[in-house]
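Engineer: This is the structure I want to talk about, given as structure tokens.
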Amino acid sequence: MSWIERIKSNITPTRKASIPEGVWTKCDSCGQVLYRAELERNLEVCPKCDHHMRMSARNRLHSLLDEGSLVELGSELEPKDVLKFRDSKKYKDRLASAQKETGEKDALVVMKGTLHGMPVVAAAFEFAFMGGSMGSVVGARFVRAVEQALEDNCPLVCFSASGGARMQEALMSLMQMAKTSAALAKMQERGLPYISVLTDPTMGGVSASFAMLGDLNIAEPKALIGFAGPRVIEQTVREKLPPGFQRSEFLIEKGAIDMIVRRPEMRLKLASILAKLMNLPAPNPDAPREGVVVPPAPDQESEA
């Protein structure tokens with residue numbers, strides 16, 4: 001027996017530890033490997049580079065509204081394939097696949113509840129549902145949110161994350177742009193605040209309608225916001241676009257949005273703004289939502 005064989009015979013292999021799927025994830029921006037549970041506590045914000053990852057509609061609403069106050073609205077509304085539309089796949093099959101993947105019936109979730117004790121109606125897009133595209137049910141649920149806000153005489157907040165109108169519903173999808181905008185006119189007539197929060201991405205027919213009609217238009221950092229995508233624009237105008245074009249930082253420089261707010265600071269910022277607009281006492285900044293960790297912004301100078 002050679003010396004190599006003698007060494008190999010004395011080596012006892014260790015049993016490989018199995019790590020359950022979903023325990024770890026990687027930041028899309030900096031590549032840092034992150035503990036999934038910690039990332040969720042940080043509201044899907046990377047603690048290393050402050051990259052704001054996409055967040056599910058329900059997690060967003062649960063992180064915004066007071067615990068125990070949430071009541072879902074419009075959950076009975078379901079999409080129908082009235083046009084029998086088919087591209088490379090039947091629309092009804094796309095719907096079934098998206099519903100199975102996300103657990104949602106459509107791309108918009110609406111809830112009413114309280115924010116620091118203040119009544120509010122909130123809506124959030126589920127981007128994982130067909131790219132957060134707007135169809136008839138999305139429009140109907142948004143109008144339901146407006147009607148509930150009018151009934152309760154309270155503010156409305158909408159978190160947009162959408163690729164635009166849903167092509168599989170053709171003109172019925174485009175009609176939602178006018179339908180939702182007309183509903184918001186009633187909020188304006190009543191003098192009730194509507195705050196639009198633009199997250200990554202907010203594009204197409206959604207950005208061209210209710211997403212940009214807020215009394216305040218707030219964006220998350222580095223969110224892509226626009227109508228057509230940058231690649232489409234470059235191919236059309238045959239010019240190179242400026243760095244950061246259509247990102248929230250670019251838009252605030254041009255006056256297209258009102259402010260940029262980090263996600264961990266969004267809840268208190270919205271509560272403070274709405275309390276002022278509704279002539280209510282300011283929320284207590286020393287009473288953060290239970291279970292939510294508010295990570296500080298990374299020190300950009302130290303990273304450089």
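In case you wondered, yes, glycine gets a Cβ from its N, Cα and C as well.
So Swiss-Prot says this about it:
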- C27, C30, C46, C49: Zn(2+) binding site (BINDING)
- 23-292: domain 'CoA carboxyltransferase N-terminal' (DOMAIN)
- 283-304: region 'Disordered' (REGION)
- 27-49: zinc finger (ZN_FING)
Engineer: Pick out which of the binding-site residues C27, C30, C49 has the most other Cβ atoms within 10 Å of its own Cβ.
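Structural biologist: By the 10 Å Cβ neighbour count, C27 comes out on top.
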Engineer: Counting each residue once, how many in the zinc finger (27-49) are helix, strand and coil under DSSP?
Structural biologist: 6 helix, 4 strand, 13 coil
Engineer: Please work out the mean pLDDT for the residues of the zinc finger (27-49).
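Structural biologist: Taking every residue in the zinc finger (27-49) and averaging pLDDT yields 94.
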Engineer: Excluding C27, C30, C46, C49, please set out which residues of the same chain place their CB within 8 Å of the center of the CB atoms of the Zn(2+) site, keeping sequence order.
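Structural biologist: Here the non-site neighbours turn out to be D28, S29, G31, Q32, L34, P47, K48, D50, H51.
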